[in-house]
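These come from TrEMBL:
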ACT_SITE  C474  active site, nucleophile
BINDING   A347, A348, A349, P350, G351, G352, K353, E371, D398, D417  S-adenosyl-L-methionine binding site
COMPBIAS  1-11  compositional bias 'Basic residues'
COMPBIAS  42-56  compositional bias 'Basic residues'
COMPBIAS  61-84  compositional bias 'Acidic residues'
COMPBIAS  109-136  compositional bias 'Acidic residues'
COMPBIAS  137-150  compositional bias 'Basic and acidic residues'
COMPBIAS  160-173  compositional bias 'Basic and acidic residues'
COMPBIAS  567-578  compositional bias 'Acidic residues'
COMPBIAS  589-600  compositional bias 'Basic and acidic residues'
COMPBIAS  609-619  compositional bias 'Basic and acidic residues'
COMPBIAS  628-651  compositional bias 'Basic and acidic residues'
DOMAIN    255-544  domain 'SAM-dependent MTase RsmB/NOP-type'
REGION    1-191  region 'Disordered'
REGION    547-651  region 'Disordered'
Amino acid sequence: MVLTRSSKKAPKPQTPPVKNLSKAQTPPLSKAEKPQTLTSKKGAKSQKKPPLKKQKKDVIVVEEEDDDEEVSDVESEEIDESDDGEKGSNGFFSDDDGEELLNDNFLDGSDDDEEEERSDSDEALSSDSDSDEDDIQKESEAIDRAKAKEEEDADAELLDFNKEDGPEEHETFRLPTQEELEEEARGPPDLPLLQSRIKEIVRALSNFNVLRPNGASRKECVEQLKSDLASYYGYNSFLIGALFELFPPVELMEIIQAFEKQRPTSIRTNTLKTRRRDLADVLLNRGVNLDPLSKWSKVGLVVYDSQVPIGATPEYLAGYYMLQGASSFLPVMALAPKENERIVDVAAAPGGKTTYVAALMKNTGLIFANEMKVPRLKSLTANLHRMGVTNTIVCNYDGRELPKVLGERSVDRVLLDAPCSGTGVISKDESVKTSKSLEDIKRFAHLQKQLLLAAIDLVDATSKTGGYIVYSTCSLMVAENEAVIDYALKKRNVQLVKTGLDFGQDGYRRFREHRFHPSLKQTKRFYPHVHNMDGFFVAKLKKMSNMKQSSEDDDEAVETVEQADVSSDDDEEAEAMEEMEKLSVPSKQPKENKERLAKSKEKKKGKKDGKSKSKNVERKPKKKRSDWKKEIAQAREEKRRAMRENSKGKQ
């Protein structure tokens with residue numbers, strides 16, 4: 001006989017009830033103590049049936065007040081078990097003895113209750129399965145709404161802060177007066193004051209319409225910020241002004257702070273002797289903490305720290321790797337040299353880029369490693385020997401003279417890492433902060449234009465695999481980068497092509513009042529605060545034809561104009577030289593030929609005079625061809641006389 005709990009409420013006991021006790025206070029039965037049903041149908045289902053939710057809801061945890069009450073509960077349960085003779089029956093309090101007697105009506109009503117509860121449970125389970133999906137969807141929608149509301153609240157809070165709270169909190173900030181600045185100048189710089197003022201001015205300039213200091217214009221804030229940055233970080237006024245033209249105030253602070261930190265030490269694996277994986281294993285065993293440089297390089301490694309000097313390991317001395325900045329990889333990767341090509345490195349020392357080119361060429365072809373400064377040739381040759389390079393010729397010429405030495409249209413590719421102001425490597429050389437001026441930038445730009453035109457003249461446009469020139473600098477100045485490339489596009493028949501570097505910022509197509517060629521967007525700029533490498537500029541040019549469009553340099557404009565005037569009379573010069581040679585050698589020509597030559601000269605001179613009259617251009621007085629002819633003849637005669645006298649004296 002199964003005893004189940006009746007849904008009807010039990011009659012209230014006549015005896016005074018125990019305090020804070022209810023019929024649901026008895027502990028739930030375990031699986032072993034579940035009642036067994038007499039009927040087969042209901043019994044099988046009742047064993048598998050989980051505890052009903054209604055029963056779970058009715059269970060109420062009540063705090064125990066006295067130990068005597070607990071003892072009485074346990075005794076009542078034991079009495080119930082002994083009277084009924086079955087386990088699993090719940091204890092009910094009767095009117096007299098604290099127990100409730102169960103009758104047949106209770107059993108009759110229990111089956112109906114079970115069916116109702118079972119149907120209710122089935123409906124609840126089905127409704128739960130359907131409602132779970134709805135609940136998940138509702139929860140996700142609620143999360144989305146909450147997130148959107150948070151974003152709206154954040155934007156509104158920021159706007160309110162800028163409009164209302166900002167001026168109130170920072171209304172005390174104002175630009176210093178002239179007297180205060182003079183007083184600060186008398187003593188040592190107050191670094192905390194400068195730092196706080198720099199932050200406040202940068203914050204004001206980021207949203208000047210709202211956070212404008214009282215009675216201050218934007219120009220005054222900018223000038224004060226320049227002065228404070230120069231004092232705090234040690235820059236001269238020119239360089240701070242130049243950087244301020246390149247970057248907005250917030251980004252300017254980022255790049256200046258990046259210049260105060262050293263860039264990570266990087267090394268390049270020499271693929272002529274080893275592989276990067278093998279080199280990394282060996283250096284790790286020596287206590288060097290390193291990682292691959294980046295996804296864009298297959299040979300670079302970045303060194304975090306080392307227990308041994310990274311530039312004095314046996315592997316370094318054996319030429320397995322080269323200490324080289326990450327930015328120095330970029331020009332060679334843009335050049336993309338092929339095997340069996342002829343390549344010129346115009347400014348090769350100390351040899352990092354040259355050895356990288358040789359490794360990519362697998363020691364085939366021919367490389368001309370040029371360096372103008374003699375003291376730097378030692379490091380260049382030493383690195384070439386250490387790295388096992390065998391296809392390189394070291395030469396010592398001015399890069400502007402290389403077309404005359406090697407010949408125009410004689411090579412396939414040229415790498416020009418031009419000498420520059422070094423404004424991108426301030427973290428390596430802090431003297432740049434104070435040593436560079438506008439005159440230095442102009443001087444470097446003039447030299448770079450000459451070198452680039454010479455490099456273009458070296459390249460053969462009809463090369464099957466090459467015809468490329470890569471120009472790079474470690475400078476951030478537009479005058480040394482985009483302006484130089486734009487000048488070369490006007491002076492030579494070249495075009496900008498993609499560098500092959502999938503990162504970096506595009507070059508400037510316009511800068512202040514300057515407007516450059518639209519293709520300059522294909523050049524690349526690299527910044528320390530963005531790419532964690534030295535400031536760098538890379539451009540790749542493709543030579544389209546071997547024809548020269550115009551003269552070689554702006555500063556030689558006067559000379560080139562004179563040469564252009566003279567070049568129109570090149571035929572006359574050649575004729576004059578031939579005549580001089582003929583006159584110097586005894587000839588048997590009749591006098592008639594001489595008269596004809598004199599008449600032809602006079603006719604040509606008359607034509608020249610007519611052209612000069614037609615052009616209303618003032619020119620410098622030039623020597624006539626007849627005067628040059630006489631001077632050359634006199635010089636030759638004097639030389640011959642001197643040789644004759646020397647020969648007579650010896651005899």
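Heads up, the Cβ atoms here are built off N, Cα and C, so glycines get one too.
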Per-residue Cβ crowding (10 Å cut-off), top of binding-site residues A347, A349: A349
Integer Cα-Cα distance in angstrom, C474 (active site, nucleophile) to K353 (S-adenosyl-L-methionine binding site): 14
Within the predicted model, mean pLDDT of the domain 'SAM-dependent MTase RsmB/NOP-type' (255-544): 95
Residue among recorded positions G351, K353, D398, C474 with least C-beta crowding, 10 angstrom cut-off: D398
Secondary structure content, the compositional bias 'Basic and acidic residues' (137-150) (per DSSP, counts of residues): 14 helix, 0 strand, 0 coil
